[in-house]
């Protein structure tokens with residue numbers, strides 16, 4: 001059996017040795033003793049050095065006495081006599097807790113005579129004792145390490161030859177690392193703070209309150225814009241963290257933070273160990289300064305920040321060189337002079353070195369000759385001024401240009417054309433391959449080219465192509481005579497059309513929004529173009545024959561509106577039907593009501609926005625050609641701000657390049673595009689959390705003003721379909737807060753509409769858009785719905801109107817109000833009319849007619865009664881009546897019931913002349929001109945009464961021009977006759 005661990009530590013009995021002696025076994029020699037040093041895991045592994053002969057006698061004696069004291073008396077005597085005792089007699093009982101760790105011995109300290117100032121709990125006392133023990137152990141361990149370092153610093157001569165002398169640096173670093181831990185006395189600080197009196201605490205609170213009031217009432221920057229912000233390299237401050245405190249001299253704090261972020265730095269709010277620099281202005285926070293001094297964080301001023309940007313971007317050296325050198329004008333001639341001067345100086349230096357090598361230092365006469373040969377610096381400058389203009393031009397210009405130099409006027413015109421052109425026109429694509437986002441076999445460019453190249457083959461009149469299915473994907477457009485290119489602006493629709501026409505050799509005739517495109521113009525001018533021949537190739541001198549191949553391009557078709565373009569869309573559709581040439585139409589909004597009728601006659605090609613990477617490559621190539629340095633990240637920001645608009649992105653880059661001192665911050669302000677968002681997109685941005693990351697308060701408020709009438713309705717309709725971020729327990733509280741905000745916004749809108757207080761619109765934007773978006777910030781869980789309030793409001797208005805009409809019609813026989821008619825009369829009236837029709841059929845028609853006659857109801861009032869009494873999910877009572885019975889009721893009603901005064905068919909349209917009908921007799925009796933005037937009015941009245949057009953029950957044909965002329969002649973003769981009679985009486 002195996003022995004237990006306790007058996008190794010038990011003391012052996014004395015009989016064991018006697019037994020061995022009796023058996024005659026010789027005892028084995030005691031092995032040499034070795035020291036085992038136990039090292040804790042917390043301390044460094046320090047190996048004790050071997051014992052040396054220089055040890056003091058007192059220490060050896062004391063150690064020997066301890067060993068002898070631990071052994072029995074006979075063994076101690078042998079040890080004193082110099083004899084080695086047996087191993088078995090030296091063994092003593094060992095407690096396992098001493099080897100494997102056990103309870104620590106408690107030190108009993110006498111109680112203090114005076115009481116402590118504060119009474120601590122047991123945990124606080126234990127912490128303080130542990131920290132004191134640690135401090136003492138660290139202090140005691142330090143001299144031991146020094147001793148070890150001294151012993152190790154004297155190596156053996158063999159090792160000294162092989163090893164290189166290295167100073168014991170790791171020991172010193174360890175000791176240094178431990179020193180700050182000793183200095184930190186957190187419990188002492190806690191004691192001091194806890195010992196503070198009430199007066200001191202009050203003083204601290206008062207001081208902090210004063211500092212907070214100073215912070216609230218702090219002034220802005222002292223001299224805004226007085227210092228120029230250095231233009232550093234991008235990401236020159238990457239990896240550095242900053243904290244800005246106080247009021248700077250020429251910048252606001254937010255402006256300084258934005259400058260740091262532009263160059264790749266990170267801005268923090270709290271001073272900590274990870275902080276690299278603290279930027280300080282006036283009235284800086286004292287706590288931040290104290291913590292920065294404690295952690296040895298470098299403190300910078302505003303000028304120090306600018307110097308750091310220059311230093312990190314390598315501008316400091318250039319600035320020093322510019323200060324040393326005098327100011328010179330930056331002209332092309334001086335640049336050439338500098339280049340030539342440097343070349344001549346280098347050649348002079350080479351000549352000097354060659355002369356030194358040839359002649360050496362001994363030949364003084366040769367040196368004097370060389371010095372005399374050199375001319376004065378003024379003469380060299382005059383000579384050099386004449387040299388560069390010839391040498392540089394000769395190198396650049398080829399021989400052909402020398403023989404036939406261009407005239408200065410033509411050269412100037414060409415340069416002016418190139419320089420004055422906008423970048424959009426200067427760098428527009430010249431071939432189909434250069435169009436952005438239109439590569440591949442399935443692109444719209446390929447489809448348009450295929451359709452246009454086969455147009456004359458498909459429409460030659462021999463065989464009519466078959467109309468394709470509206471949902472066909474692989475339609476090549478052979479049936480259509482026109483093509484419709486639709487898509488957002490600035491993505492290359494017009495460029496695609498013009499380049500495809502040019503590639504196939506067609507001549508284009510273009511009409512855009514600046515031209516009048518009315519029905520008359522299209523009929524007179526465009527219709528003649530559809531059958532004409534083109535002479536453009538003949539006049540341009542391209543050697544082409546007169547061609548019949550030309551294309552009509554109608555740009556911005558959705559803009560054909562107003563009086564100028566009245567009837568233009570219908571005429572364009574008629575021209576497409578009978579056209580003998582291809583027509584290419586372009587529009588931005590394909591869902592426009594006018595375009596829906598045009599789509600049925602056109603080959604539909606929808607253009608999508610190019611991807612950001614495609615536009616980025618094009619713009620970076622333009623920047624390289626124009627020698628404009630801009631970071632790719634900045635280009636991506638501009639493209640995203642313009643909503644992937646190629647034209648506007650290029651215009652923004654050109655605007656940035658126009659200013660040489662344009663910083664990246666100014667570029668951010670320029671790179672904005674006002675987009676017209678629909679209500680669905682606005683609601684999505686109001687509630688989506690991802691959109692809120694890059695939006696300020698002003699941006700959130702601007703969403704409301706895209707359509708301030710519909711925006712609150714969309715928010716109210718869809719806020720319950722949003723799942724907000726955060727804890728699910730807070731969802732109901734957020735919904736309640738959103739409902740309160742919407743109700744307050746509705747009150748503000750009521751005040752705006754009632755009192756025309758339009759200055760309250762920003763307040764309504766806060767309650768109706770910003771607050772609901774903040775409370776319910778998350779993501780949509782369903783589809784965005786159209787506001788149901790609009791439909792319900794129109795339905796309630798319609799029912800109120802129908803109830804008012806019923807109340808007016810039945811007012812002769814009833815005495816109730818409009819509400820009583822709707823609630824009490826309407827169900828029973830409808831039941832009395834419909835029940836005989838449903839039971840008896842056509843025989844019940846007279847009974848139904850009697851009820852309608854008694855209450856003076858119209859035939860349309862029956863439908864109004866059905867609508868007022870029916871509820872959602874309830875069937876109409878007229879559904880049980882046969883259709884033939886309904887028709888019989890309508891016929892009998894039209895025959896028997898006379899038209900009421902309020903019926904739609906009754907009455908004749910009145911004119912203002914009828915108001916003077918009562919005074920006609922008096923006008924006839926009056927003398928003189930009044931008599932003539934009265935006769936004139938009476939004749940007009942008679943004609944109005946006889947005019948059948950004014951009777952609503954009779955549909956008369958329009959009177960011809962001849963009848964109007966005859967009527968006019970009669971009126972003229974009667975008026976002249978009356979005038980002659982009046983003159984005769986006089």
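Don't overthink the numbers, they just go from 1 along the chain as shown.
Any Cβ shown, glycine's included, is placed from N, Cα and C.
The number of other CB atoms found within 10 A of the CB of residue 487 (ATP binding site), across every protein chain shown, is 20. Per Swiss-Prot, the feature ATP binding site maps to 487, 488, 489, 490, 491, 492, 493, 494.
Among the features that Swiss-Prot reports, compositional bias 'Basic and acidic residues' is placed at 136-147 (among others).
Per Swiss-Prot, compositional bias 'Basic and acidic residues' is recorded for 317-364 (among others).
Taken from Swiss-Prot, the feature compositional bias 'Basic and acidic residues' covers 370-385 (among others).
What Swiss-Prot records for 917-932 is compositional bias 'Acidic residues'.
Per Swiss-Prot, the feature compositional bias 'Low complexity' maps to 962-979.
The phosphoserine annotation in Swiss-Prot covers 40 (among others).
Per Swiss-Prot, the feature phosphoserine maps to 41 (among others); the stated evidence is experimental evidence.
If you look up Swiss-Prot, you'll see 48 (among others) marked as phosphoserine, on the strength of experimental evidence.
Here Swiss-Prot flags 58 (among others) as phosphoserine.
The phosphothreonine annotation in Swiss-Prot covers 60 (among others).
The feature phosphothreonine is assigned by Swiss-Prot to 71 (among others), with experimental evidence given as support.
Annotation comment: Swiss-Prot describes 128 (among others) as phosphoserine, evidence class experimental evidence.
Per Swiss-Prot, the feature phosphoserine maps to 137 (among others).
Per Swiss-Prot, phosphoserine is recorded for 149 (among others), and the stated evidence type is experimental evidence.
The phosphoserine annotation in Swiss-Prot covers 154 (among others) and is backed by experimental evidence.
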Surrounding CB atoms that lie within 10 Å of the CB of residue 197 (phosphothreonine), all protein chains: 8
C-beta crowding around residue 493 (ATP binding site), within 10 angstroms: 22
Neighbours of 487, 488, 489, 490, 491, 492, 493, 494 excl. site residues, C-beta within 8 Å of centre, ATP: 588, 607, 646, 647
Cα-Cα distance linking residue 197 (phosphothreonine) and residue 491 (ATP binding site), given in Å to the nearest integer: 74
Distance, residue 197 (phosphothreonine) to residue 490 (ATP binding site) (CA atoms, angstrom): 73
Chain-internal residues, separated by at least six, CB under 8 A from residue 489 (ATP binding site): 588, 645, 647
Pairwise CA distance, residue 492 (ATP binding site) versus residue 197 (phosphothreonine), rounded so that it is a whole Å: 78
Of 488, 490, 492 (the binding-site residues), the residue whose Cβ has the fewest other Cβ atoms within 10 Å: 488
Number of Cβ atoms other than its own within 10 Å, given for residue 494 (ATP binding site): 19
